[in-house]
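Step one of this worksheet: look at the structure below.
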Amino acid sequence: MTWQARINTALEERRAADALRVRRVVENGAGRFLTREGQRFCNFSSNDYLGLSQHPQVVRAWQQGAERFGVGSGGSGHVSGYTTAHQALEEALADWLGYPRALLFISGFAANQAVIAALMNKNDRIVADRLSHASLLEAASLSPAQLRRFAHNDAGQLAALLDKPCDGQQLAITEGVFSMDGDSAPLAALHEAAKRQNAWLLVDDAHGIGVMGDEGRGSAHQQNVKPELLIVTFGKGFGVSGAAVLCSESVADYLLQFARHLIYSTSMPPAQAVALSASMAIVRSAEGDERRQLLADHIRQFRRGLRSLPFHSPDSQSAIQPVIVGDNSRALALAHRLRERGIWVTAIRPPTVPSGTARLRLTLTAAHRAQDVDALLEALRVASQ
Ligand SMILES: *Cc1c(COP(=O)(O)O)cnc(C)c1O
């Protein structure tokens with residue numbers, strides 16, 4: 001088979017399965033409305049849960065940061081790219097989340113790759129929740145460690161897998177709030193199971209940070225659990241982009257030696273770190289509480305309305321509300337019908353979710369109004385008939 005034939009075949013297979021992914025150009029894709037080709041849609045597909053991507057204070061902080069520092073960091077943090085703006089943000093994050101140290105990464109994907117690659121050796125074992133994000137499972141399967149998966153949120157099965165003989169170190173991996181189902185992990189039970197075997201727990205709280213718990217400190221804080229490694233990302237609740245790893249002093253020192261994404265990659269622009277500090281200040285403030293309350297109201301309103309509609313939806317208390325339809329073509333058709341009514345949603349298909357569970361992944365945000373949620377419910381009702 002030639003290169004060209006291989007590529008054509010792969011694309012053809014995706015097309016035939018209604019699984020071809022396409023990007024649609026939008027004029028603006030975060031916040032309450034998505035605009036595209038001059039048309040305005042109510043946006044139920046962004047992860048901008050608190051509506052901070054458009055917040056004037058965050059925008060201004062980025063502008064002021066750019067005026068002070070320029071637009072680029074000039075190099076990795078090991079060269080000249082670790083500025084006072086990065087340091088201030090790391091210290092504030094560590095303090096807020098109750099860890100000795102925080103290290104910034106340019107994205108959650110990069111953070112997960114870096115941490116798992118830097119920590120895992122040949123005789124080690126990773127035991128990950130089966131529904132963990134692609135960035136975690138990919139890093140785990142690329143690492144020299146053995147990868148085992150436990151049934152979703154099943155602490156008993158995690159314990160059983162960790163009990164099997166292992167010559168090296170073991171790392172248990174889960175998420176705070178799961179990205180496709182919106183449910184939460186039982187972190188205390190998972191951490192207990194890990195501790196019994198001297199395993200460490202890594203929690204990726206991409207969808208919990210800023211949104212869950214007191215001051216938006218996230219899922220782990222809400223459940224009173226302190227995983228050895230906590231990953232938080234800033235492209236969702238924080239409304240910006242980037243990520244941080246929260247850990248002990250020695251793990252941070254170790255990652256600065258061995259995490260290649262920190263050593264061989266340009267650090268985030270300092271202006272972005274300034275914007276993130278502004279975003280974090282809002283997340284922690286009374287305004288943050290108000291935004292979380294608005295989001296909670298929208299979740300309750302949506303769940304209540306959904307009960308009378310003929311859709312299967314797992315029990316999610318988070319901003320992520322999946323509506324499971326089963327096959328790919330039905331999910332695409334439903335998304336299309338909603339768009340015709342001015343509602344922007346994305347159909348999520350395998351391999352992002354297990355086969356046969358194609359779904360609409362609806363996301364509610366603090367930027368929505370009650371009438372937006374009503375419009376969404378009404379559009380779902382019409383589309384279901
Ligand atoms: C979105 C997401 C990531 C990736 O974070 P980015 O900053 O967007 O690269 C990692 N883990 C989980 C669970 C996510 O949902």
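Cβ atoms are placed via backbone N, Cα and C, with glycine included.
The substrate binding site feature in TrEMBL is assigned to R21, H133, T352. Sequence annotations record features per position, and here TrEMBL assigns pyridoxal 5'-phosphate binding site to G108, F109, S179, H207, T233. Annotation comment: TrEMBL describes 42-380 as domain 'Aminotransferase class I/classII large'. For K236, the entry in TrEMBL reads N6-(pyridoxal phosphate)lysine.
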What's the number of neighbouring CB atoms sitting within 10 A of the CB on the residue listed as 'N6-(pyridoxal phosphate)lysine'?
29
10 Å Cβ neighbour count around T352 (substrate binding site)?
16
Where R21 (substrate binding site) and T233 (pyridoxal 5'-phosphate binding site) are concerned, what is their Cα separation in Å, rounded?
24
Give the residue from the binding-site residues R21, H133, H207 that has the most other Cβ atoms within 10 Å of its Cβ, counting over every protein chain displayed.
H207
If the criterion is a C-beta within less than 6 angstroms of any ligand 1 atom, which of the binding-site residues G108, F109, S179, T352 pass it? List them in sequence order.
G108, F109, S179
Taking all protein chains shown into account, the Cβ-based neighbour count within 10 Å for S179 (pyridoxal 5'-phosphate binding site) is 21
Cβ neighbours of G108 (pyridoxal 5'-phosphate binding site) where a neighbour is any other Cβ within 10 Å
25
Hey, how far is S179 (pyridoxal 5'-phosphate binding site) from T352 (substrate binding site), Cα to Cα, in Å?
10
For T233 (pyridoxal 5'-phosphate binding site), which of the three DSSP-derived states applies: helix, strand, or coil?
strand
Those recorded positions of H133, K236, T352 having Cα within 10 angstroms of F109 (pyridoxal 5'-phosphate binding site)
H133
Please report how many Å separate the Cα atom of H133 (substrate binding site) from that of T233 (pyridoxal 5'-phosphate binding site), as a whole number.
13
CB-centroid shell, 8 A cutoff, pyridoxal 5'-phosphate site G108, F109, S179, H207, T233, site residues removed
H133, S135, D204, A206, I231, G235, K236, A243
Helix, strand or coil by DSSP: which one applies to T352 (substrate binding site)?
coil
